[in-house]
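Novice: Dumping what TrEMBL says about this protein:
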type	residues	note
ACT_SITE	Cys81	active site
ACT_SITE	Cys81	active site, proton donor
ACT_SITE	Cys218	active site, proton acceptor
BINDING	Asn13, Asn72, Gly82, Asn83, Asn159, Asn191, Glu209, Arg210, Gly219, Thr220	substrate binding site
Amino acid sequence: MAFPWLKGHGTENDFVLLPDHDGTIHGELEGAFVAALCDRRRGIGADGVMRVIRTEALGEASAGEWFMDYRNADGSVSEMCGNGIRVFALHLVQQGLVDPAEPIVVGTRGGDKTITCDPSTGSGTMSFSVDMGTPEVLGVSKVSAAGNTWEAQDVRTGNPHAVAFVDQLDDAGSLLTQPDYDASVYPEGVNVEFVVRQGERHVAMRVHERGSGETRSCGTGACAVAVATAVADGADRPTTYRIDVPGGTLHVTWNADNHIVLTGPAEIVAQGTMDWIA
Ligand SMILES: N[C@@H](CCC[C@H](N)C(=O)O)C(=O)O
């Protein structure tokens with residue numbers, strides 16, 4: 001059966017989108033199929049897959065009409081994706097499925113997120129700001145990579161993160177494998193961020209994502225990094241951090257009401273109809 005697909009990215013964190021509005025095409029989105037699509041040698045290649053489905057059709061609880069049914073590159077389910085949800089919103093806008101002048105509510109397994117469309121940044125690419133909700137700042141554990149060990153702040157931004165401040169981003173090595181972490185703190189796995197300071201309210205990071213490996217960016221990770229850095233700085237809220245990632249730049253504001261807002265670009269680069277024959 002032929003079905004529609006699109007490819008998009010946010011700061012080079014890239015995704016395959018599968019429009020399946022009524023949940024009739026993909027049924028239970030199978031992990032093996034997702035992993036095959038995301039394979040960079042034998043598939044289309046992506047860090048994750050987002051099924052675009054009506055909340056009603058998926059049977060999840062959400063006030064939004066549309067639900068981001070998100071899978072990592074290995075086929076595992078994740079609660080939330082901060083870069084993906086901006087690409088998801090761009091798709092809804094481009095297809096005329098939502099009004100860009102109004103806040104867009106999208107359901108995720110990490111709760112409903114409200115997205116606003118920022119003033120136009122040029123043809124093709126648009127910027128969106130996502131209310132990511134309230135972060136949870138938990139304890140400190142240890143992470144290790146490339147023979148080095150660091151303390152890491154546990155921050156939950158809809159999904160789990162361990163944020164480690166390092167002297168240099170290269171200290172984490174190749175990140176071809178999952179950094180070691182404390183499985184008693186993160187029984188469901190963790191996204192690990194390595195952070196260096198660049199200046200006032202300005203940091204750079206690398207990330208090893210649970211289920212996807214090292215990626216060029218992670219939106220929920222950038223939020224976790226901003227929160228961990230603001231806590232370390234004793235920053236008053238509201239405060240805004242610039243987060244440089246290998247694939248670009250994101251901005252994160254931690255507001256007085258304790259909500260974090262992620263701002264960054266989204267772009268759709270290809271679309272077509274697929275006859276998956278593998
Ligand atoms: N790239 C995403 C996060 C995707 C999910 C993550 N790998 C997990 O398993 O929690 C982002 O931009 O937030």
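Just so you know, glycine gets a Cβ as well, placed from its N, Cα and C.
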Novice: Applying a 10 Å Cβ distance cut-off over all chains shown, what neighbour count does Gly219 (substrate binding site) have?
Specialist: 28
Novice: Which chain neighbours of the substrate site, leaving out Asn13, Asn72, Gly82, Asn83, Asn159, Asn191, Glu209, Arg210, Gly219, Thr220, have a Cβ atom within 8 Å of the mean position of the site's Cβ atoms?
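Specialist: Residues close to the substrate site, other than Asn13, Asn72, Gly82, Asn83, Asn159, Asn191, Glu209, Arg210, Gly219, Thr220: Gly48, Ser78, Met80, Cys81, Gly84, Val207, Ser212, Thr215, Cys218, Gly221.
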Novice: Compute the C-alpha separation of Cys81 (active site) from Cys218 (active site, proton acceptor), stating it in Å without decimals.
Specialist: 8
Novice: How far is it from Asn159 (substrate binding site) to the residue listed as 'active site, proton acceptor', counting Cα to Cα, in Å?
Specialist: 11
Novice: If you draw a 10 Å sphere around the Cβ of the residue listed as 'active site', how many other Cβ atoms fall inside it, taking every protein chain shown into account?
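Specialist: Neighbour count, Cβ to Cβ under the 10 Å cut-off: 29.
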Novice: If you pair up every Cα among Asn13, Asn72, Gly82, Asn83, Asn159, Asn191, Glu209, Arg210, Gly219, Thr220, the residues annotated as binding substrate, what's the maximum separation in angstrom, rounded to an integer?
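Specialist: Pairwise Cα check on Asn13, Asn72, Gly82, Asn83, Asn159, Asn191, Glu209, Arg210, Gly219, Thr220 gives a maximum of 16 Å.
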